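I have a structure I would like to understand better, so I am pasting it below and will then ask my questions one at a time.
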């Protein structure tokens, strides 16, 4: 009697192929981040070689080379932290609002943090990373909640209302910031260097001050991946799957607030990273938010570090602030996103 062997389910092979693809992309992302880290340490107003960096690590380098390389460690660490925070916050904002144009800058979170810091500096004498961090958090939270309340009024969340509410709130807060900084020269002197968005001029104290908030936001973001996947299918479907849309939105907003406030307090408001990175990641890894959050945490630091390197070498011996470079990168990304939305509407 003839016997037949059952073929393995087709889904098993597909699952293995998908896992292999994700693993390959993960290795590729790690390699790109490693190259960006090396470039950030090597290049600047005075460039060094990879051999010099290795000599510094082995404590056999010339003292002058050691000073140059080690002075770039804090800005590199802050680039990784801020890039991760902004990219993951952008992914969360887009997932929570189901709005591909959402990012902390467009929805007023950065402006809220900035206005809070300016007010605290002007009237409460706030200074240093720890003070600005504590004042950035309530400002960012209030701005994020206000935008979502306005955007969700009436018949549910509206993409147009969210963007318009963020634009209006940002305009009002920026007017407040300008009024305060113009009337108080001492505030303007400290604020003008911070507002452009830069990684330089900061030490590891800034990094360690904001790290706990960034870590809390990132861990919360990782936990929200399954809920965001369900939310993307619609509230009714999410409830049917056992998810809680309200909790997911609230957790996403809290995580995005922690992340964007940490980045803003550390390096100033840097726009468009949270917009551009999620679109690139989504095109590469698909719609699974668990993968999107992980790969945004790799691509965000890579993009920000490379933008900082470009700003350092393109106008030697002076520097172009990283916030300016990311604006040049992010503005075209915004236009591309708008065109894609029009094409799918």
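The backbone N, Cα and C atoms fix where each Cβ goes, and this holds for glycine too.
TrEMBL labels come from automatic prediction, so no person has curated them.
TrEMBL lists these features:
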- 22-43: transmembrane segment (TRANSMEM)
- 76-93: transmembrane segment (TRANSMEM)
- 105-126: transmembrane segment (TRANSMEM)
- 132-150: transmembrane segment (TRANSMEM)
- 162-182: transmembrane segment (TRANSMEM)
- 206-232: transmembrane segment (TRANSMEM)
- 253-277: transmembrane segment (TRANSMEM)
- 289-307: transmembrane segment (TRANSMEM)
- 319-338: transmembrane segment (TRANSMEM)
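How buried are the listed features, and what sits near them?
Long-range contacts of the transmembrane segment (76-93) within the same chain, counting only residues at least 6 positions beyond its ends with a Cβ under 8 Å from a Cβ of the stretch, are 33, 37, 40-41, 99, 102-104, 107, 109, 199, 202, 204, 206-207, 210-211, 214, 217-218, 221, 224, 228, 252-253, 255-256, 259-260, 262-263, 266-267, 270, 273-275, 277-278, 281, 289, 292-293, 296-297, 299-305, 308, 322.
Outside the transmembrane segment (105-126), and at least 6 residues removed from its termini, the chain residues within Cβ reach (under 8 Å) are 89, 93, 97, 132, 135-144, 146-147, 162-163, 165-167, 169-170, 173-174, 176-177, 180-181, 184, 187, 190-191, 194-195, 256-257, 260-261, 264-265, 269, 271-272, 274-275.
Tertiary proximity for the transmembrane segment (132-150) is limited to same-chain residues at least six positions away from its ends with a CB under 8 Å from its CB atoms, namely 97, 104, 107-117, 119-121, 124, 126, 157, 161-162, 165-166, 169, 173, 209-210, 213, 249, 253-254, 256-258, 260-262, 264-266.
When Cβ-Cβ distances below 8 Å are used as the criterion, the transmembrane segment (162-182) is approached by residues 97, 99, 101-102, 105-108, 111-112, 114-115, 118-119, 122, 143, 146-148, 150-151, 188, 191-192, 195 of the same chain, each at least six residues removed from its ends.
Cβ atoms under 8 Å from those of the transmembrane segment (253-277) belong to residues 78, 81-93, 96, 101, 103-106, 109-111, 113-114, 117, 129, 132-133, 136-137, 139-141, 144-145, 148, 194-199, 202, 206-207, 209-211, 213-214, 216-218, 220-221, 224, 296, 299-300, 303-304, 322-323, 326-327, 329-331, 333-334, 337 of the same chain, restricted to positions at least 6 beyond its ends.
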For the transmembrane segment (289-307), find every same-chain residue at least 6 residues outside the stretch whose CB is under 8 Å from a CB in it, and list them.
22, 25-26, 29-30, 32-33, 36-37, 39-40, 76, 79-88, 90-92, 95, 199, 218, 221-222, 224-226, 228-229, 232, 270, 273, 276-278, 280-282, 322, 325-326, 329
Please report, as numbers and ranges, the same-chain residues at least 6 past the borders of the transmembrane segment (319-338) whose CB is under 8 Å from any CB of it.
45, 79, 100-101, 196-200, 267-273, 275-276, 279, 303-304, 307-308, 310-312
